[in-house]
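TrEMBL annotations:
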- 181: active site, acyl-thioester intermediate (ACT_SITE)
- 77, 78, 79, 80, 81, 82, 83, 84, 150, 151, 152, 163, 164, 165: substrate binding site (BINDING)
- 32-220: domain 'BPL/LPL catalytic' (DOMAIN)
- 147: site 'Lowers pKa of active site Cys' (SITE)
């Protein structure tokens, strides 16, 4: 039997406002007053510092970041430092992960496979690199392996937070402010930098839902945030 999920798209929103909503949804999922949820968003430029962040991986001062219009915030997910911004597709699965897979490791591998399958729809060959999370592609222009999708999760009371970012067409210059995920010997790229024609984010979202449902045996339907939580601050 397929598991029923809902999806909510916040559109372009600040990371801080989106995380308030994510925490509200998480609380509702924990108390089972809300179905498991895929939360989609696109953020204004922000650098997030995961629980495993090393200070040397931030290459600019807060003042320099502010000059470039990039915010800086600490977050509860695992992993090192990451960048989010316009042109990046973000999805946070908020769900009782042990109802779908056996353990957090398998959950992460399944999320990576969803991204690999999604990229294949756009004629891109995604891959894993042993010992490193996320999804990688070979950039045609350079022939180098570069990260196109980052992944970082947290689990609280058996329900997941945070999730996946996919670089569709972000400003790749912004990544020069950090050593992404603390990996100094590998760069980042985007779907469009790898030859994809312009991609409509709602279309990408719909393809992601199809790939997710196929991987996790779920049936995901649309809801609006106002139907689920009060998100006025």
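Yeah, the Cβs are placed from backbone N, Cα and C, and that goes for glycine too.
TrEMBL entries are annotated by machine, without manual review.
Over all protein chains present, the Cβ of residue 152 (substrate binding site) has 24 other Cβ atoms lying within 10 Å. Distance from the CA of residue 147 (site 'Lowers pKa of active site Cys') to the CA of residue 83 (substrate binding site) is 12 Å. On a Cα basis, residue 147 (site 'Lowers pKa of active site Cys') lies 14 Å away from residue 81 (substrate binding site).
Reported as a whole number, the C-alpha separation between residue 147 (site 'Lowers pKa of active site Cys') and residue 79 (substrate binding site) equals 15 Å. The DSSP secondary structure for residue 79 (substrate binding site) is coil.
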